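What TrEMBL annotates here:
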type: BINDING; residues: Thr103, Arg108, Thr275, Glu325; note: L-glutamate binding site
type: DISULFID; residues: Cys337-Cys395; note: disulfide bond
type: DOMAIN; residues: 22-388; note: domain 'Ionotropic glutamate receptor C-terminal'
type: DOMAIN; residues: 26-92; note: domain 'Ionotropic glutamate receptor L-glutamate and glycine-binding'
type: SITE; residues: Ile253; note: site 'Crucial to convey clamshell closure to channel opening'
type: SITE; residues: Arg280; note: site 'Interaction with the cone snail toxin Con-ikot-ikot'
type: SITE; residues: Lys371; note: site 'Interaction with the cone snail toxin Con-ikot-ikot'
type: TRANSMEM; residues: 148-167; note: transmembrane segment
type: TRANSMEM; residues: 223-245; note: transmembrane segment
type: TRANSMEM; residues: 415-436; note: transmembrane segment
Amino acid sequence: MAHAAHFQLTQHLVALFQPYVRILAPYLMYRNRSNLNEDVGSKYEGYVADLIEKIAEELKFTYEFYLTPDTANGNYDENSQTWNGIMGDVISGVAQLGVSDLTVNHQRRQFVDFSNYFMTLGISILYKTPDQSEANMFAFKDPLSDDVWMYTATAFLGLSIMLYMIARMAPGDWQNPHPCETHPEELENIWNLGNSLWLTMGSIMTQGCDILPKGISSRMAVAMWWFFSLLMTSSYTANLAAYLAKERMGPSINNLDDLLNQNKIKFGTLINGTTYEFFRTSNYSKHKAVWEKMSNFKPSPFVSSNPEGVKKVLNKNQEYAFFMESSTLEYERNKECELIKIGDWLDSKGYGIAMPLDAPYRSEINNAILKFQESGELQTLKNKWWKELNEGEICEEVESEIGEMGLKLQNVGGVFWVLGVGVGISFMISIVEFLWNVRNVSVQDHITYCEALAAEFKFAINFWVTKKAARVEVKEPSQSREGSETRSMAGKMLQGAGSFLRLETIFDRMSVSRND
């Protein structure tokens, strides 16, 4: 930065260009020699100092900062109809520029002109991390979001029913109820709906089950469920451990609605500032409710400066939330790790450079700011003073909403996808396995494929039957049945004749033995 001097801004000659400012970190501060890497004669440093320096370099002018006597941005006195602070200096013509955390609003624009925004911001809620978590008897469900719980329960019921259906089609799950009998008349299937539910429940509870499927397709379906259960239980356990380790350090309020619907935490803002006026004049129901509650608090929740508001928030002996502009909140948040931001912005606005009405240099300053914005230099300046040169340790981002900490479907959706695909493949395998078994039955029982398919399908869809004949019995046509009966009678006659011949041989041998 340069000392006071005459300068020429394009075609507009000004005797002395005097930006009026106020001391407020990180916008303007007395220079810290440890941060000094350029003009050692400069008295001030900060975001505003660097911004004006860049504009001066771009537009080829020199300048000198002056502190406003009122050390304020500017408040309007309705009784005297005058402004104080930087606004008063610009309106009176003492200052050619007013630069600080000066919010552009409708009331101020009636008295001065503003440049384009050099910083965009909004009203946010500053709060502190609670020391202790609030008791919650249903806290065990918080590691997973509600939709994940719902989908898991649906998967549990769906897989149980699918396993029940697959096991009825899988020939490997139709077993001999009497192992001592080599050729049983009936086969039994132990997989009723109750056993299927018990297996899936035991698996996801990591307790196992005393019965297991034996069919290829049913085993594959259960394997997919075991894979699903492994990942879900591991995710739940890991997230639950994180909850216990943090002792639920999230705030007890997550947004403006939570703040309004409780009576424990008081809240306020900077008196007579733009945030104060925002709530006082707003017609939106929630904002009016905020103003009414703040106005009725005893003692008054309003403070005379932002540092005072931050101090009240950090006070361990009271519960206090502070409405402030997000840019300043972010700076304070990076200095003090106990501070957190609650919810989203309540409005959207910006900081601008104040100039007298119809100032001839307004458009050129606007062009310079627009150029810096497009090139990213404004963001670079903010990173420099909000993070790189900020006093104290820069805090990591903390999620302010407790509900957001639970695993969401987007985090575990792949597990559901694998489960669905795996069970679908196992169901297709069960169909192939079923059709192959029908072919074997038709060959062994000497019946047509369609007859075997009809018989096996009848047992598969008859869900209440758990036993079926080991061999398929098919009713034959009348002629075929008569022929079968004739062949059966002939066979019996031959067997009888054979028996008679064997008896005759026995009698002959007995006679020979007696003669001897």
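Backbone N, Cα and C define each Cβ position, glycine as well.
Mean pLDDT, taken over the domain 'Ionotropic glutamate receptor L-glutamate and glycine-binding' (26-92), works out to 82 on the 0 to 100 scale. Comparing the Cα of Ile253 (site 'Crucial to convey clamshell closure to channel opening') with the Cα of every entry in Thr103, Thr275, Arg280, Cys337, these being the recorded positions, the smallest distance points to Cys337. Cα distances from Cys337 (disulfide bond) to the recorded positions Thr103, Arg108, Thr275, Arg280 are smallest for Thr275. Cβ atoms under 8 Å from those of the transmembrane segment (415-436) belong to residues 151, 155, 159, 162, 165-166, 169-172, 215-218, 220-221, 223-225, 227-228, 231-232, 409, 453, 456, 460 of the same chain, restricted to positions at least 6 beyond its ends. Note on the domain 'Ionotropic glutamate receptor L-glutamate and glycine-binding' (26-92): DSSP counts are 24 helix, 11 strand, 32 coil.
Apart from the site residues Thr103, Arg108, Thr275, Glu325, the chain places the Cβ of Asn73, Asp101, Leu102, Val104, Asn105, Gly273, Thr274, Glu277, Phe278, Lys349 no farther than 8 Å from the centroid of the site's Cβ atoms, the recorded L-glutamate location.
Long-range Cβ neighbours of Arg280 (site 'Interaction with the cone snail toxin Con-ikot-ikot') (same chain, at least 6 residues apart, Cβ-Cβ under 8 Å): Trp291. Listed in sequence order, the residues of the same chain lying 6 or more apart from Arg108 (L-glutamate binding site) and placing their CB within less than 8 Å of its CB are Gly74, Met87, Leu102, Phe114, Ala354. Ile253 (site 'Crucial to convey clamshell closure to channel opening') carries neither a helix nor a strand DSSP state and counts as coil.
Counting other Cβ atoms within 10 Å of each Cβ, the recorded positions Ile253, Cys337 show the lowest value at Cys337.
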